[in-house]
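A.B. asks: Below is a structure I'd like to ask you about.
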Amino acid sequence: MDIDAWYINSSDEDQRKPHRLEPNKPVSLDELEKLGVFYRKKSLSSASTWYNLQTSQDGTLDADIYESDPELEKICKDQGYTYMDIITINKDALPNYEEKLKMFFEEHLHMDDEIRYILDGRAYFDVRDKEDRWIRIAMSKGDLITLPSGIYHRFTLDETNYTKAMRLFVGEPVWKAYNRPADDLEIRKKYLDSLH
């Protein structure tokens, strides 16, 4: 099963809509791998289900038992994730919901990788490709994604207006986002160098 990712149009329509090009232009796991995006989807075949990581796992994540999931524990240990928290994003659960959604959708980068594991609901991550075009990645329950430090990206809910996600970190969490333009930052230069 492939990832559900595609190039998006430049419409100013609601950010929560899919924004697929006509005709649709899908993006493969291989293309995302070249950008440094790591992705894992629940319930794949017995073949390795951890895409683009240097692991040899053949189990699957189970978002229903995330508190005791041995597969998640193994990923955290193997990748050095030592801190995690959970965020629920919907109008009833997140203070300043509309303001936060606008902030998440601002194009930005981080000094550290951004790791998210969707426990419930659906959402989108948008990332820039090498030609600065937007790629939209659909995320749903059981999906785990890592966006590399230095990549321009943004986040939004889909039209269901709900997701619950685990945020994972190596070490203490760093919440600082650097809105575009941030091309002068060393982490951005390092990321761009990694694409060659």
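Every residue, even glycine, has its Cβ placed from backbone N, Cα and C.
Okay, so TrEMBL annotates it like this:
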BINDING   His108, His110, Glu114, His153  Ni(2+) binding site
BINDING   His108, His110, Glu114, His153  Fe(2+) binding site
A.B. asks: Neighbours of the Ni(2+) site His108, His110, Glu114, His153: Cβ within 8 Å of the Cβ centroid, same chain, sequence order.
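C.D. replies: My list of surrounding residues reads Leu109, Leu147, Ile151, Tyr152, Arg154, Ala177.
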A.B. asks: Can you tell me how many other Cβ atoms are located within 10 Å of the Cβ belonging to His153 (Ni(2+) binding site)?
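C.D. replies: A count of 23.
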A.B. asks: Using a 10 Å radius around its CB, how many other CB atoms surround His110 (Ni(2+) binding site)?
C.D. replies: 19
A.B. asks: For Glu114 (Ni(2+) binding site), list the number of other Cβ atoms lying within 10 Å of its Cβ atom.
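C.D. replies: Cβ-Cβ neighbours of Glu114 (Ni(2+) binding site) within 10 Å number 20.
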A.B. asks: Just counting, how many other CB atoms are there within 10 A of the CB of His108 (Ni(2+) binding site)?
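C.D. replies: So the number of other Cβ atoms within 10 Å of His108 (Ni(2+) binding site) is 19.
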